[in-house]
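**Student:** Relevant sequence annotations retrieved from Swiss-Prot are reproduced here:
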TOPO_DOM  1-8  topological domain 'Cytoplasmic'
TOPO_DOM  30-48  topological domain 'Periplasmic'
TOPO_DOM  70-102  topological domain 'Cytoplasmic'
TOPO_DOM  124-136  topological domain 'Periplasmic'
TOPO_DOM  158-164  topological domain 'Cytoplasmic'
TOPO_DOM  186-212  topological domain 'Periplasmic'
TOPO_DOM  234-246  topological domain 'Cytoplasmic'
TOPO_DOM  268-275  topological domain 'Periplasmic'
TOPO_DOM  297-336  topological domain 'Cytoplasmic'
TOPO_DOM  358-362  topological domain 'Periplasmic'
TOPO_DOM  384-395  topological domain 'Cytoplasmic'
TOPO_DOM  440-622  topological domain 'Cytoplasmic'
TRANSMEM  9-29  transmembrane segment
TRANSMEM  49-69  transmembrane segment
TRANSMEM  103-123  transmembrane segment
TRANSMEM  137-157  transmembrane segment
TRANSMEM  165-185  transmembrane segment
TRANSMEM  213-233  transmembrane segment
TRANSMEM  247-267  transmembrane segment
TRANSMEM  276-296  transmembrane segment
TRANSMEM  337-357  transmembrane segment
TRANSMEM  363-383  transmembrane segment
TRANSMEM  396-416  transmembrane segment
TRANSMEM  419-439  transmembrane segment
Amino acid sequence: MSTDNKQSLPAITLAAIGVVYGDIGTSPLYTLRECLSGQFGFGVERDAVFGFLSLIFWLLIFVVSIKYLTFVMRADNAGEGGILTLMSLAGRNTSARTTSMLVIMGLIGGSFFYGEVVITPAISVMSAIEGLEIVAPQLDTWIVPLSIIVLTLLFMIQKHGTAMVGKLFAPIMLTWFLILAGLGLRSIIANPEVLHALNPMWAVHFFLEYKTVSFIALGAVVLSITGVEALYADMGHFGKFPIRLAWFTVVLPSLTLNYFGQGALLLKNPEAIKNPFFLLAPDWALIPLLIIAALATVIASQAVISGVFSLTRQAVRLGYLSPMRIIHTSEMESGQIYIPFVNWMLYVAVVIVIVSFEHSSNLAAAYGIAVTGTMVLTSILSTTVARQNWHWNKYFVALILIAFLCVDIPLFTANLDKLLSGGWLPLSLGTVMFIVMTTWKSERFRLLRRMHEHGNSLEAMIASLEKSPPVRVPGTAVYMSRAINVIPFALMHNLKHNKVLHERVILLTLRTEDAPYVHNVRRVQIEQLSPTFWRVVASYGWRETPNVEEVFHRCGLEGLSCRMMETSFFMSHESLILGKRPWYLRLRGKLYLLLQRNALRAPDQFEIPPNRVIELGTQVEI
């Protein structure tokens, strides 16, 4: 989305508020409550309140304002962000060994996101519904069922897209942030002493007074910055400037006022710790606040769901996940997609989490490990980009990295204390996704190498066919080829078994470039290899979906006329068997076979009419 048009800047900034800041914007529902709930051995004490408020404020300044908005967002790939984009950028100008390490870091970061995405909708919606405990305590047994009902409706509407309701996200979230600010300001006016916590010395004093316990307590403070990765991941939708403008003009002031307002309330009434957010509001405003809190958390959950759809598409297009059905829910916005398999797997996982943990406080114990782990990886990858791509001074880059890690590593280490109380959940889910992605990528590479290791020269084969042609039949045949200079398996098997060839043969390769989009001018490259053979290479970005009909249209513009319903598409279908392997590689091979069996078939991937496809099978040992 462009920000060149100044008249559209307010609208884009408002849209960014509605999408980008949903997760971090709903953190006040539970963050301070978890910090001062007594789990760390101290209750609502003045020094503890001031210490936590100071830590939260300066964490928002350093991590969000300085690290992500100022530094990390400089690293973009044609305007796009995200951990896999950062991985790609970092590996451009490094050695093969270093690139491999950076790829592993990027995949771990992406896997961590899958781990956290299960918790975010659950903790956000449950925190809002728990306002019932204040409004009507007798309804507290309905918190889990109502949370499941709300999220069920949210996941059910995904297939219809969010274009219509999405227009309401921005005004609702703007209203939410204004309410955060208003409630906080009202409380601060009644007890302005709390503003002393803006002094970072209160954070230092907190560590000196509470010593080891204060370090463990960082695991609760990190709840205030969950969702920070969304700022970078959504950069391509809104642009850097609108996201930064929204943060500094609306989001940061609102969050600061609300956190400090909760602190002022707790200094005056320590018993409000049971739910300091909702107790900020007067009695008459509790029900409206509960409703808009529920809406805000649904929007935050929607942003996370959309984020996992986008990450999955990117991973599929880059070859780290098996092909799956991706449905575009908007004709106007290519970023609005729906992936049925991911949607319902995520829904089942979220429901299981809600039923198992029962309360947002229990979920808070599971939150943070994956977030802070991703922060560490982002620091390393982004500073690598600064050194290798931007050619910044190595000592300056080292200082930046040290500064980032001095914050990231303590936060990550403190969250390891949550491992047994729930932190195992996102780590386990992330580990599973990492194994799946690395298995698909490595086994796919092994398969393609196996299929092509004994291949003959494409040029030599074409020359031989032109010199001693087989029986030629009228029409055009397209052979899908994964590599440009390799003879397609389907072509070899057609000649071997049918001993015929069409009058016109097109070898079509669809490849993904290291960019989000490819300009239409560069979409198709056509090369005539002989009087009857053509090579067509169609390039797509990882945010685009390949479409053979579009490729044919581009070919027609270049002089190679093709009609979809008059063309035969020949594809190979591999029947895979496992060869002799060590037990651990055999397990990985079995996982790959499972993924391969459930992968979307090529005709469905590229929107080729099924009645125009001929699949030729071949058995391959891996």
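Using N, Cα and C of the backbone, Cβ positions are placed for all residues, glycine too.
Keep in mind that what you see is a predicted model, and the values were worked out from it rather than measured.
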**Student:** Can the transmembrane segment (276-296) be said to touch the transmembrane segment (49-69) if we require at least 3 CB pairs below 8 Å and skip pairs under 6 apart in sequence?
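**Tutor:** No, since the transmembrane segment (276-296) and the transmembrane segment (49-69) share fewer than 3 Cβ pairs closer than 8 Å, they do not count as touching.
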**Student:** Report the listed stretch (103-123, 137-157, 165-185, 213-233) having the maximum count of Cβ pairs within less than 8 Å of the transmembrane segment (363-383).
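**Tutor:** Maximum Cβ contact count belongs to 103-123.
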**Student:** Just give the helix, strand and coil counts over the topological domain 'Cytoplasmic' (70-102), going by DSSP.
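**Tutor:** Summed by class, the stretch gives 20 helix, 2 strand, 11 coil.
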**Student:** Considering pairs 6 or more residues apart, do the transmembrane segment (419-439) and the transmembrane segment (247-267) have at least three CB pairs under 8 Å?
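**Tutor:** These two segments do not touch.
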**Student:** Please list the DSSP helix, strand and coil residue counts for the topological domain 'Periplasmic' (186-212).
**Tutor:** 24 helix, 0 strand, 3 coil
**Student:** Where else in the chain does the topological domain 'Cytoplasmic' (384-395) make close Cβ contacts, counting only residues six or more beyond its ends and a cut-off under 8 Å?
**Tutor:** 71, 74-75, 86, 89-90, 92-94, 102
**Student:** Sort out for me which stretch, of 49-69, 103-123, 137-157, has the most Cβ pairs below 8 angstroms to the transmembrane segment (213-233).
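**Tutor:** The stretch I would name here is 49-69.
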**Student:** Against which stretches of its own chain does the transmembrane segment (137-157) lie, if we need a Cβ under 8 Å and a gap of at least six residues from its ends?
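**Tutor:** Cβ under 8 Å, 6 or more out: 121-122, 125-126, 129-130, 165, 294, 298, 301-302, 305, 343-344, 346-347, 350-351, 354-355, 358-359.
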**Student:** Within the same chain, where does the transmembrane segment (396-416) have neighbours whose Cβ lies under 8 angstroms from its own Cβ atoms, ignoring anything closer than 6 residues to its ends? I mean 6 or more beyond.
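**Tutor:** Cβ under 8 Å, 6 or more out: 59, 62-63, 67, 71, 215-219, 221-222, 368-369, 371-373, 375-376, 379-380, 383, 386-387, 423.
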**Student:** Which range out of 49-69, 103-123, 247-267, 337-357 gives the transmembrane segment (9-29) the most CB pairs under 8 Å?
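**Tutor:** The stretch with the most contacts is 247-267.
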**Student:** Are there residues at least six beyond either end of the topological domain 'Periplasmic' (268-275) with Cβ under 8 Å to its Cβ atoms? List them, or say none.
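**Tutor:** For the topological domain 'Periplasmic' (268-275), the far contacts come to 33, 36-38, 43-44, 130-131, 133-134, 190-191.
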**Student:** Can you name the far-off residues of the same chain, 6+ from the ends of the transmembrane segment (247-267), with a Cβ under 8 Å from a Cβ of it?
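**Tutor:** Hits for the transmembrane segment (247-267): 13, 17, 21, 24-25, 27-28, 31-32, 36, 44, 46, 49-50, 52-53, 56-57, 60, 64-65, 69, 174, 177-178, 180-181, 183-188, 190-195, 197, 224, 231, 273, 276-277, 279-280.
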**Student:** For the topological domain 'Periplasmic' (124-136), provide the mean pLDDT of the predicted model.
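**Tutor:** The average pLDDT of the model in the topological domain 'Periplasmic' (124-136) works out to 88.
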**Student:** Let's see if you can do this one: DSSP helix, strand and coil counts over the topological domain 'Periplasmic' (30-48), in that order.
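**Tutor:** Within the topological domain 'Periplasmic' (30-48) the tally stands at 8 helix, 0 strand, 11 coil.
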